[in-house]
Structure formats: structure tokens, C-alpha cells
Amino acid sequence: MTAVTTTAAAAATTAAERPQVRRRRRLSPGRRLPAARLVGPLLVLALWAAASAAGTLDTGAIPAPWTVVRTAGHLWTDGTLPTDVLTSLRRAGYGFAIGLVAGVLLALASGLSRTGEALIDGTVQLNRAIPTLGLIPLFILWLGIGETFKVAIIAIVVYIPVYLNTHAALSGIDSRYVELAEVQGLTRLAFVRQVVIPGALPGFFVGLRLGVTGSWLGLVVLEQINATSGLGYLMFQAQNYGQSDVILVGLLIYGVFGLVSDSAVRLIERRVLSWRRTLSN
């Protein structure tokens with residue numbers, strides 16, 4: 001009798017839990033599609049190719065995809081494209097690294113100290129309110145038109161979102177964790193390592209993704225201002241000669257760089273924050 005009762009209770013429990021499982025599956029976005037981020041770009045490419053093949057696009061304004069690919073091949077063969085790509089990567093890499101380090105250090109100094117917050121946060125908020133590209137004329141006067149000016153502007157574009165999101169994450173850490181750390185007798189360094197950094201990582205990665213995208217957006221503009229190399233310079237020269245296929249080559253490379261770098265940050269985020277269960281994973 002006891003065994004029958006136990007079995008019946010287990011069956012009832014399972015039956016009661018089943019609707020909840022179904023509800024969770026019904027309300028969730030579903031499984032992540034393989035290569036989901038490529039579906040949209042590939043669809044746009046297919047529509048572009050179909051419209052070009054049907055003759056509905058002006059080839060002078062929007063060349064066919066195969067024309068753009070052929071142009072990219074010629075630019076790569078004569079050495080123009082590799083040189084410009086490496087130059088753009090170097091500028092973006094230097095600016096991104098400097099902006100990332102500056103944003104994290106300023107966020108930690110501001111988020112962990114009231115004095116630091118008083119000194120730093122207002123200044124960063126003021127900088128945020130000023131359009132970064134509006135600083136270009138002033139930075140040209142200060143630094144000239146060389147590489148330093150370009151790297152500095154990219155660093156500013158990157159550090160602002162990194163700082164804002166990391167600082168917001170630090171400010172949002174539950175005060176009960178601070179009280180628990182004090183009860184446990186954690187040192188300042190242990191508190192930062194075990195409480196502050198894990199709590200700030202989600203916000204930091206949001207800022208990191210925005211910073212990565214911002215570095216490429218800033219680079220597009222900067223390389224068209226008194227530059228002699230880079231993808232932006234290549235596009236600017238193509239504009240003067242009416243070479244829309246070369247312009248599209250540059251735009252597509254910028255887009256690929258942005259997509260790859262954002263995907264890399266997402267991958268690192270999923271690995272580092274594997275303990276976090278969210279709607280996306």
C-alpha cells in the first residue's frame with residue numbers, strides 16, 4: 001500500500017511539474033540557431049545579388065556583388081588592400097587598447113571611492129555630452145594630423161561606454177554583498193577580486209561591445225581626414241574618382257571587422273560568464 005501511495009504521489013508530482021516545463025519551453029526564445037548572426041547578412045547579400053541579376057539596380061551606383069568581389073581581388077593583388085587593412089587594424093587596435101584600459105581604471109577608481117567618483121564621474125559625464133567627433137578640430141591643433149591624433153580620438157570613443165557601463169555595474173552591486181564581505185573579514189584586494197570584479201563583469205562586457213563597435217565607427221571618419229593610408233582613405237579616394245565598387249569594398253570590410261570583433265566579445269562573454277543563466281543562453 002505504501003509503495004502504491006508513493007508511486008501515485010510521484011506521478012502526481014510529475015504531472016504537476018509537466019505544465020511548468022512546457023510553459024518554460026513555450027515562453028523561451030527557443031534553441032540558438034547555428035550561425036544565427038550570419039542569416040541576416042546572407043539574406044541581404046542574396047537580395048542584392050538577385051536585384052543585380054534582374055537588372056533593377058543602377059550598376060554605376062550599386063555594382064553587383066561579383067563586381068565588388070572582383071575589385072577586391074584586384075586591390076589585394078596589387079598590394080593596396082593589404083597595406084590599408086593593416087594600417088586600419090593597427091589604428092583601431094591601439095586606440096581600442098588605450099580606451100579599454102582607461103575606461104576600466106577610471107570606472108574602478110570612481111566606483112570604489114567617493115573621492116574618485118567626485119573627481120572622475122562628472123568629468124566623464126561632461127565628456128560624454130560632447131560629441132567625440134566634434135573634438136577633431138581641437139585635437140588636430142593639439143596633436144597634428146598624424147597617427148597620435150587618430151589613436152587618441154578612437155581611445156575616447158572606446159573609453160566612454162566602457163567606463164559608463166562598468167561604473168553602472170559597480171554601483172549596482174547589492175550592498176548586502178559588501179556587508180557579507182565585511183563580516184567574513186575580506187581584505188580590500190580580496191573584496192575586489194571576489195565581489196567587485198564578478199559583479200561588474202556583465203556591465204563591463206556591455207561596454208566592451210559598444211567600445212568595439214565605436215572604434216570602427218570612429219575609424220571610418222578619421223581615416224578620411226588628411227590621411228594617406230587606411231580603408232577610409234581608400235574610400236575617400238574612390239569617391240573622388242566615382243569608384244563605387246571600391247567604396248563598397250571598404251564598407252564591407254569595415255562591416256566584417258565589426259561583426260567578427262563583436263562576435264569575439266560575445267564568445268568571451270559566454271565563456272567568462274558561463275555561470276549566468278539568461279534568456280539569451
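Using N, Cα and C of the backbone, Cβ positions are placed for all residues, glycine too.
According to TrEMBL, the feature region 'Disordered' maps to 1-27. As annotated by TrEMBL, compositional bias 'Low complexity' applies to 1-18. What TrEMBL lists as transmembrane segment is 33-51, 92-113, 125-145, 151-170, 191-212, 246-268. The domain 'ABC transmembrane type-1' annotation in TrEMBL covers 85-265.
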**Asked** Which range out of 33-51, 92-113, 125-145, 151-170 gives the transmembrane segment (246-268) the most CB pairs under 8 Å?
**Response** 33-51
**Message:** Using a Cβ cut-off under 8 Å, which residues of the same chain at least 6 positions beyond either end of the transmembrane segment (191-212) come close to it?
**Reply:** 96, 99-100, 103-104, 107-108, 111-112, 157-159, 161-170, 172-173, 177-178, 181, 258, 261-262, 265-266, 268-269, 272-273, 276
